[in-house]
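Under the heading DNA-binding region, TrEMBL lists 86-123. Feature annotation from TrEMBL assigns domain 'Homeobox' to 84-122. For 131-334, the entry in TrEMBL reads domain 'TLC'. The transmembrane segment annotation in TrEMBL covers 39-56, 136-155, 180-199, 262-285, 305-326.
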């Protein structure tokens, strides 16, 4: 069954134009092509990024937070109590007064002690400001680094200025070492975010949107690597990263209560977001993926619909987040 599914998945008609086979993508005469098995390396690379994250948060983010005036608040842990812990996890974090009285009798203690235990236990679930600052610092560091690296990798490439160049010579476009490392770093980063979703700060408003975004990003980048849509893929990654580090910087200064700096950074983020995600992405990237391929092939392959479907999902998320950003900006302007 696995062999059959594997043969179906790698069927040439899904990934490449007519009269092309996988044999055409063997490295030759200075041409280097992306290989699907290279994506396995993104898993160990993700753990390398987690190690880098641990040391950067510990030795850079924490001293920076202290310099900005953020204190490490130590919360008092409640006394170990299996009965109350079981109720907290399985029933409710906010028990009613009658439930508290019943638990007090069961544990042979006072109602006041039970209320105090639940209050302290709930406080442990609330992430500290320092913890949120560390997470924002890590994402800021990666997005800023990837934006600078992306610009260095792309500024001298013709397809950075002329979107038509993304399809010239397709599918026999050689992969550059810079493109390889750009892809590996980005995919590994989103794997690392998925691995830490359970322990990172959970935001109820858009937690599900982040899960969908990370999965769509990994699927899109991995698929574009296999289909050798690398030129377009690097442009998509660059467009996304150039707005994100402004948001993470605004969060860091918000946690430090530097309000004016936070407001300026958030406005810069909003401007960058609307330019890159609401204007450039649909009218530049999506135009190149939906419209321009029709000039090079009259029979689009299945991958054309798969990749564009994922890109449209991303655009839907952009519109959703753009709506939230607009609401914040309106509140910021109207209510100061």
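Placed from the backbone N, Cα and C atoms, the Cβ positions cover glycine too.
For the DNA-binding region (86-123), same-chain residues at least 6 beyond its ends with a Cβ under 8 Å from one of its own Cβ atoms are 75-79.
Relative to the transmembrane segment (180-199), the listed stretch 39-56 leads the set 39-56, 136-155, 305-326 in CB pairs under 8 A.
Here the listed stretches are 136-155, 262-285, 305-326, and the one with the most C-beta pairs under 8 angstroms to the transmembrane segment (39-56) is 136-155. Taking H, G and I as helix, E and B as strand and the rest as coil, DSSP gives the DNA-binding region (86-123) the counts 29 helix, 0 strand, 9 coil. This prediction places the mean pLDDT of the DNA-binding region (86-123) at 84.
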